[in-house]
Amino acid sequence: MVRWLYSTNAKDIGTLYLIFAVFAAMIGTAFSVLIRMELAAPGVQYLNGDHQLYNVIITAHAFVMIFFMVMPAMVGGFGNYLVPVMIGAPDMAFPRLNNISFWLLPPSLILLLASAFVEQGAGTGWTVYPPLSGLQSHSGGSVDLAIFSLHLSGISSMLGAMNFITTVLNMRNPGMTLHKLPLFVWAIFVTAILLLLSLPVLAGAITMLLTDRNFNTSFYDPAGGGDPILYQHLFWFFGHPEVYILIIPGFGMVSHIVSAFSGKPVFGYLGMVYAMFSIGILGFLVWSHHMYAVGLDVDTRAYFTAATMIIAVPTGIKIFSWLATLYGGSLRITTPMLFALGFIALFTIGGLTGVILANASLDVALHDTYYVVAHFHYVLSMGAVFALFGGFYFWTPKIIGKTFNENLGRIHFWTLFVGVNLTFFPQHFLGLGGMPRRIPDYPDAFAAWNAISSFGSLVSVVATALFGYIIYDILVNGKPVDANPWAVPAFFQSTPEFWMESHTASSLEWALESPTPFHSFNMLPVQS
């Protein structure tokens with residue numbers, strides 16, 4: 001018990017993050033199923049026509065999935081576990097800071113769940129816009145609890161980000177220059193910079209909201225000379241980099257997986273790195289594309305349309321580099337590779353709808369419809385989550401030291417693939433038809449597509465239950481694995497090449513035995 005409470009070992013903390021993320025994923029998935037069941041048919045289904053309750057569920061679904069599932073799993077879990085190992089460091093730069101970064105999250109989650117139980121809950125949507133989040137519309141403590149929850153999770157992420165930046169800059173092994181870093185380490189590094197620059201703005205925005213609610217200030221109240229649009233600018237200045245924080249570690253994981261199962265290095269390594277940095281920088285220059293509908297100046301809208309479309313360029317560079325890596329490789333279609341290929345295909349679709357939504361004139365019609373929901377679930381529910389599953393199947397043999405059942409893994413992939421596409425593809429049509437977000441009832445005309453969408457969500461739940469069984473199966477029935485479970489014997493060579501230098505994996509974690517020892521490196525490795 002003490003080992004896990006007081007642990008300063010990056011691997012232990014990474015494991016805690018991953019367990020926490022699985023727990024949060026169950027809660028978030030439960031919320032999403034409630035949403036889809038309520039929308040399965042027109043009229044009242046399960047929530048007794050309680051629109052406030054519906055919005056509380058929507059809000060909780062978003063917060064749990066973003067702050068307690070994707071970020072802890074990608075940045076906290078895989079980041080903590082793999083970054084020190086990949087750069088040849090004995091641990092993170094600030095191990096005890098790492099410990100508190102994790103332990104701030106459970107209280108934060110408890111605060112968020114508690115907010116649903118006081119008064120009527122926080123039914124603001126994850127954006128928490130005033131005046132809906134103000135004292136008139138949400139009297140009682142629920143929004144305040146949600147704000148404190150965000151504060152804690154934000155502090156956790158910022159401390160973690162400082163830790164990652166320091167670690168990557170100062171603790172690389174001899175010979176590992178920045179231009180030799182594995183792409184996943186680059187991804188976490190860029191993500192940490194984004195976190196460090198964007199979260200303080202969110203903290204300021206929600207702190208001013210807190211004082212508006214409790215201490216009679218009027219930052220967002222026009223009656224006292226404030227402006228609710230100020231909140232939107234501050235929130236989205238954080239909110240847009242945030243969505244790149246969610247996807248960039250996924251880029252890094254997919255690069256490793258595609259490289260390993262194509263049997264060759266990633267095409268255009270340096271281009272990949274600069275593409276990630278460009279995406280990160282541009283992410284701070286496009287926030288108002290979430291606000292085309294609030295009456296921005298026409299020149300402002302023109303700028304944000306153009307800037308948003310420019311983000312598609314580095315993103316396209318990454319997509320085509322992955323395709324070039326695949327092209328001519330000796331492909332092995334394993335479970336992680338399936339998830340990586342699914343990621344590339346579905347992320348591209350999500351990116352295309354993003355370019356469509358970038359157009360201010362079009363977005364005025366599509367804003368706050370299910371078209372937007374479909375867009376960001378294609379990049380998150382099939383981008384970030386598929387990358388996470390790919391990373392799970394790719395690195396779990398290394399982390400736990402046991403294999404998973406390949407057939408079950410493939411069934412998991414195909415079930416989930418069918419489920420998420422059934423869920424979210426019809427939502428494009430609903431959005432084009434004008435069905436608004438965050439409303440638990442809708443006209444009969446939308447019934448058919450909603451029924452299909454809700455059925456898809458049940459398919460996804462089946463896939464998720466299967467994943468739970470797969471975790472059990474690994475722990476109980478998994479066979480022990482070698483240092484590199486993905487190695488292939490090199491034919492026509494006197495030396496078994498995968499002992500010397502593997503074609504299937506080039507980063508340092510595959511040089512250690514599986515499961516990775518508690519102290520990774522007794523002597524620092526040296527990279528030529």
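From the backbone N, Cα and C atoms, a Cβ is placed for every residue, glycine too.
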>> Given that Swiss-Prot assigns His289, His290 to the Cu cation site, pick the one from His240, His256 that the record assigns to that site as well.
In response: His240
> Where Swiss-Prot shows Glu38, Ala41, Gly43 binding Ca(2+), which of Pro436, Pro440, Pro443, Pro480 is named for the same site?
Replying inline: Pro440
>> I need to check the long-range neighbours of the transmembrane segment (337-357): which residues 6 or more away from its ends have a CB within less than 8 Å of a CB in the stretch?
In response: 247, 250, 253-254, 257-258, 261, 289, 308-309, 312, 315-316, 319, 322-323, 331, 363, 366, 371-372, 374-379, 382-383, 386-387, 389-390, 393, 409-410, 413, 417, 420-421, 428
> Do the transmembrane segment (99-119) and the transmembrane segment (15-35) share at least 3 Cβ pairs under 8 Å, sequence separation 6 or more?
Replying inline: yes
>> Among all protein chains shown, how many Cβ atoms are found within 10 Å of the Cβ of Gly43 (Ca(2+) binding site), not counting that one?
In response: 10
> What same-chain residues, at least 6 away in sequence, bring their CB to under 8 Å of the CB of Glu38 (Ca(2+) binding site)?
Replying inline: Gln45, Tyr46, Leu47, Tyr54, Pro440
>> Between the transmembrane segment (413-433) and the transmembrane segment (183-203), are there three or more CB pairs that fall under 8 A, provided the residues in each pair are separated by 6 or more in sequence?
In response: no
>> Against the transmembrane segment (266-286), which of these stretches has the most C-beta pairs under 8 Å: 15-35, 145-165, 234-254, 304-324, 413-433?
In response: 304-324
